[in-house]
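Accompanying notes for the structure given below.
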């Protein structure tokens, strides 16, 4: 190029310097500067940044500072890239004096005692400090014991919308510890929580590990927070690892612990694992909260396991919650099958909501569904329990007229309930409807005790004789 009489310009020189720096041929790159200046081509910020970068990356911090001094002596203003590279290298090698020199060199002349001036200078030239810039400044301030200035810079960082990284937090924490001021667990919990909320769980784990390394013992709240962070990013194996670590140090999981893990599993559709943990919580005697039930139920609903959800609610004496959710689903015009309706009717009877149960049954035909034999079983047995035996009779007639044949289970249940109410004649009537293929359950303790009892009124003896004739003892 030169032999053809074509003079290289700044772009050409920068391209060559960049290529040599990339190949780590720093001596050859610097050797180009002298003929470059001699030919009237003045190096710019990019030229020097390339040299500072390769010196810094190779650990040659002295050379990096020398190039920086040459750069500023030429009146070339460093930018945030220059600052980041130099500060990172100097802090890594604990060259505090040189780091402070960089601060001073980048500040307004005559006001070198305040690190804030560096940022003002950068902003005046349209360069906004980033997380690396702030972190490296905070590192230096912490290491020279200027903790008030470090905290001020940290707060400024937050105000400017720059998210601190784990290095920033670590430097602040270590700086306080050096001065004998060790932050408490509340401080660490706040940091870990904030990181987890924005999905930066790896950094949260680093802070957690730092907490342990300086002798501050995390409590169950901190463990729960970290688990929740992993659950939010669907890393359930990591969450369980935290759970195991917590248990191994003697910290007992609480309802929040289990709810967090159950929620994590439900959100990724692994409902069986969620149910397993929910059951484990119950076995350990930990009382589920309203939030716990809400998590597992919504997981079951989303998985299409509505029957399991309501059955679990009623079994755990949460009928109010079950009925509320049911009403919410109906208001949303959600599809509800006859099996679900039968469970709801049964639950309403269990909680003495007889009027609501009867109303729900009456609404079935209007919803386009047909009551099953299970639905009639629920209605009849519960009506008898409530003493409404005539209504139960009418219900049976309605069932037969609707074309729904009673099965042996229904008849057995009705007979047992009638015997409990001492309705011997009625029980005999229903027993007569059991044919040879629908024998009475011989294992039913209620029926056996009723049928075999000898100290009964004559009506009972007649009933016993009748049952023997039917060969259903």
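Any Cβ shown, glycine's included, is placed from N, Cα and C.
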Q.
Quick test of your reading of TrEMBL: among 402-437, 438-473, where does it put region 'Disordered'?
A. 438-473
Q) Counting by DSSP, what is the helix, strand and coil composition of the repeat 'PPR' (130-164)? A) 26 helix, 0 strand, 9 coil
Q. What counts of helix, strand and coil residues does DSSP assign across the repeat 'PPR' (219-253)?
A. 26 helix, 0 strand, 9 coil
Q) Which residues, given as numbers and ranges, are at least 6 beyond the ends of the repeat 'PPR' (184-218) yet have a Cβ under 8 Å from it? A) 163, 165-166, 169-170, 173, 177, 225-226, 228-230, 232-233, 235, 238, 249
